[in-house]
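Record features, source TrEMBL:
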ACT_SITE  Asp203  active site, charge relay system
ACT_SITE  His262  active site, charge relay system
ACT_SITE  Ser463  active site, charge relay system
DOMAIN    44-115  domain 'Membrane-bound transcription factor site-1 protease-like N-terminal'
DOMAIN    194-391  domain 'Peptidase S8/S53'
DOMAIN    434-509  domain 'Peptidase S8/S53'
DOMAIN    537-644  domain 'MBTPS1 third'
DOMAIN    653-887  domain 'MBTPS1 fourth'
SIGNAL    1-23  signal peptide
TRANSMEM  405-422  transmembrane segment
TRANSMEM  458-480  transmembrane segment
TRANSMEM  1003-1021  transmembrane segment
Amino acid sequence: MSRRLTAALTSFIVILLSYHAYRFPNRNPISTPSLPPPANSTATNHIIRFLRYNNAHELRAYLERQVKCSGWNWVERRNPAASFPTDFALVAIEDHRRDFLIGEFGKLELVKDVSLDLSYQRVVLSAHEEIGAGAFVDGKKKKRPGKIFTSMSFTERENSAPANASWRRSLMMQKSQVTSLFGADALWSKGYTGAKVKMAIFDTGIRANHPHFRKIKVNFMADRNIFVSVLFFFALSSGKFFYYQERTNWTNEDTLNDNLGHGTFVAGVIAGQDEECLGFAPDTEIYAFRVFTDAQVSYTSWFLDAFNYAIATKMDVLNLSIGGPDYLDLPFVEKVWEITANNIIMVSAIGNDGPLYGTLNNPADQSDVIGVGGIDYSDHIASFSSRGMSTWEIPHGLLYTITNIYLYMPIFASSVYFLLVARQLADMLIVRYGRVKPDVVAYGREIMGSKISTGCKSLSGTSVASPVVAGIVCLLVSIIPESKRKEILNPGSMKQALVEGASKLSGPNMYEQGAGRVDLLESYEILKSYKPRASIFPSVLDYMDCPYSWPFCRQPLYAGAMPVIFNVTILNGMGVIGYVDGPPMWLPDSEEGNLLNIQFTYSDVIWPWTGYLALHMQIKEEGVHFSGEIEGNVTVNVYRPPGQEMISLTGMEDHLHTNFHIMFNMLRDAGYYVETLGSPFTCFDANRYGTLLLVDLEDEYFAEEIKKLKDDIMINGLGLVVFADWYNVDSMMKMKFFDDNTRSWWTPVTGGANVPALNDLLSPFGIAFGDKILNGDFVINGEQSRYASGTDVVKFPKGGYLHRFPFLDSSESGATQNVLLSGMSKADSPILGLVEVGEEGRIAVYGDSNCLDSSHMVTNCYWLLKKILDFTASNIRDPVLFSDSSRQDKALHLDDNQLPSRRTDVNFSTYSQVVNKELICRSDSRFEVWATKGYDLHVRGRNHRLPGYAAVDLGQGSNSTPEVPFKKIKSVDKDGNSLGNSYLGYLYGDDQLDFPELVASHWLLPAIVAGSGFLVLWSFWRIRQRRRRRRKGSGSFNRTANP
């Protein structure tokens, strides 16, 4: 009795203390006149996140005290998490007061942010359906009709605007005893069966009393069953706990059952008992979180509550066989961080959107989550398995890089180089480089698992591979004594065991297989003797290891190139938070290693469990004649608080290595060396390259970029190739639609390419694109090609070569014209132009980029690209492209006021890196111009020292390199005279200056002028002083002589 009284008093004191700790400050409440809602007013649910946890009724009271306006209502969430503190509220806001109320809620001191409660729609694929139609539309990374919207959308459609903005978090599914393939029976024989491991499965639920799972017991609160409640209290009072399966429902449907079969199948792969479809960890405690309805719908708020419950009930492992193409639902993404920070190991399917690159699904693409890809029984990457690299962190500018480096640098005597400009708008940035994902792969084709009620079936997909790894993780967790698990096991240490124990497959590259096929027994050996430590993944970049190290192994490093970035993740098994102590160091194994210049960017704080290290590699100018291999290590010190233990580590959207990876391979096979530029055009040295390739660009250009590019082409002989895309304002306006989910209007900001900006760039050469949207088939040089939503050329100079073909114009104005003509008419439209400008500059333009983009091409035009590059880089002219019939005897002209115009009804600066931004060279450019505005085009000479950077040998000009076998273009005027620094030529008689003269050129002439001016002023002063003294002498004499 006294014990119970003590416990009751203790509970009462804890309640009082909790109430005091969570009391909210009493601010002046907001009160506004109550306005009657419109007759057709509707309300949309919004999530209000708070800066700390509290009971739901306290949060409600706080909001009602502070915001005494009409137009919003508290939404009660009746689920198992209701008995625990929460960090968010769900409110229904009437649409006519949405902006005002979001602003008022956002002003509250304890409110973190307000966001829409997004709906997710899952796509279920049966065993007979096509794999690959995952989270991306129709299994392809379709172009949105403009790609960039005034606000973010969560779905994509081809050639039309989406009907809703639901985020498809696809459940990836599609016959085999998979446990034996990984040697699970070897651990079973040792007594390891997943006992006392709490496994959370976020899926479609499980039916009660399923025969494939041991000792089923259901949460009495969820089932509301008197018998189960009595059983629960009996177990609680007797202290007898046993393996059980708990089912919870987080949806708005009043059922716990799995009526679709996916959740049951996943649970069977992890912990099934049937001999036909055994699971990996039969004694694992299964917690079934039903987060999808029978209609395959879910909401962010359901996931947040379920995640909070998983944290409160101390789950060990969590499996998510779901994923989506977007990472922009910030409450979801940050809650995943919180899940792993609370020591829950999350395993997630990487996606069913292969074989396309850059199609990783979230949350599997997050560094703290174990992302799982799929392979078949021949150890080939499954065609449906999504490929890396990761893209979700790119807009935030995060970088991830290497450790053990093996580099090969040949001498290039007659090679042709070109620079691929890869600059897009804010959500498609490619100025950074993604990480290696998936982390591991596992068998995911025709895997056997449990049916809804009884029996087994086979499915395929990465949602099958994910529970395979989750089952392995449960088995590995059980090998550590329960008393030591929290000291040793965490998301960092488990990922270390999996990636270090994985078996690298011989065929796929790192962005297809990650560390390789998961190896249960190797990971078991690692964990048996595991000591908390830090490591990095991947730990080695070997330029000689092809195809695993693709794309790096396809192109060696060489002097004068842009920095190569390879990104790694720091894995910290010592604690949820760690710190990097001091900058990393490059330690070459030989003297030649000093030819490699490395700059680092990295995260000072490693949280949760992971951080990033970026290595920017650039060969020094003195390595221009070196050919061979460089080997060495990068060392970085990581420590954890409070012990300060030191550990030494050794070791895109559109992107050249994602959806343009086939083009990259083609160019390398053809002997070209390809680099990517994400910084402004002022940040690259044009004399180092043969051609600048612009593909599908969407951003604006600085005036300095336009001027420099003109000089680079007209004077320095740089080649320029432009692959554009459609742009039509009327069509974009027609795409405007109302999204029922976000309660907002959506509209494209630009077309497939930013044609007005491209026209500004090309205007010095008399070239411009139009606003038609052309579609159709055509034949050129015997090659059948498809023009898919490309644009036309409307201005082109005399003497160039222009190719026309009959196409249908599907733009708004073109469609109107077709209606007036009572039919679908085709008209010849110019789409391909080639011209020589200036001294040796050559330009080629083409109105469609779909033929280069492997994610949605109908037919490729790689053959055309090669012929164009032959022209721009080497002046090799194909007889078909340069036929007399295509030569322009007079210029094709269109008044500027008739060219495509920019939209004025959207704020383009929100998405642009140029509009209202400062011109700056970023870390993807040469080291000597980092954080500057770029190369000074008016300075010539050697070793131009930029502010804050060491002297760098730039050769005989700011855009050239000494003794490098690149093409050199000397700048001359019409009379053949050098166009160097004219004023220096007058002084020294030669404009080819060496370093001392170059440095003096910055201050010598101004110093001479200033010195001369000083001498003149001093002379005037001296003359004035002498005159004054003479007057004084004269005045004194007169006064003395005449008293």
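The backbone N, Cα and C atoms fix where each Cβ goes, and this holds for glycine too.
Because the structure is a prediction, the values reported are computed rather than measured.
Taking all protein chains in view, 27 other C-beta atoms sit within 10 angstroms of the C-beta of Asp203 (active site, charge relay system).
If you take the Cα of Ser463 (active site, charge relay system) and the Cα of His262 (active site, charge relay system), they are about 9 angstrom apart, rounded to a whole number. Only residues 6 or more beyond the boundaries of the transmembrane segment (458-480), in the same chain, are considered here, and those with a CB under 8 A from a CB of the stretch are 125, 127, 131, 171-176, 178-179, 182, 184, 187, 192-197, 199, 201, 262, 265-267, 269-271, 279-281, 283-284, 316-317, 319-322, 345, 347-352, 364, 370, 372-375, 382, 384-386, 440-449, 488-489, 494, 497-498, 518, 520, 523-524, 527-528.
His262 (active site, charge relay system) counts 27 other C-beta atoms within 10 Å of its own C-beta, drawing on all protein chains shown. Most Cβ pairs under 8 A with the domain 'MBTPS1 fourth' (653-887) among the ranges 44-115, 194-391, 537-644 are made by 194-391. Between the domain 'MBTPS1 third' (537-644) and the listed ranges 44-115, 194-391, 434-509, the one holding the most Cβ pairs under 8 Å is 434-509. A distance of 7 Å separates the Cα atom of His262 (active site, charge relay system) from that of Asp203 (active site, charge relay system). Note: the domain 'MBTPS1 third' (537-644) comprises 11 helix, 50 strand, 47 coil (DSSP; helix = H, G, I, strand = E, B). For the domain 'MBTPS1 third' (537-644), the mean pLDDT of the prediction comes to 89. Summarising the environment of Ser463 (active site, charge relay system), the number of other Cβ atoms within 10 Å of its Cβ, over all protein chains shown, is 34.
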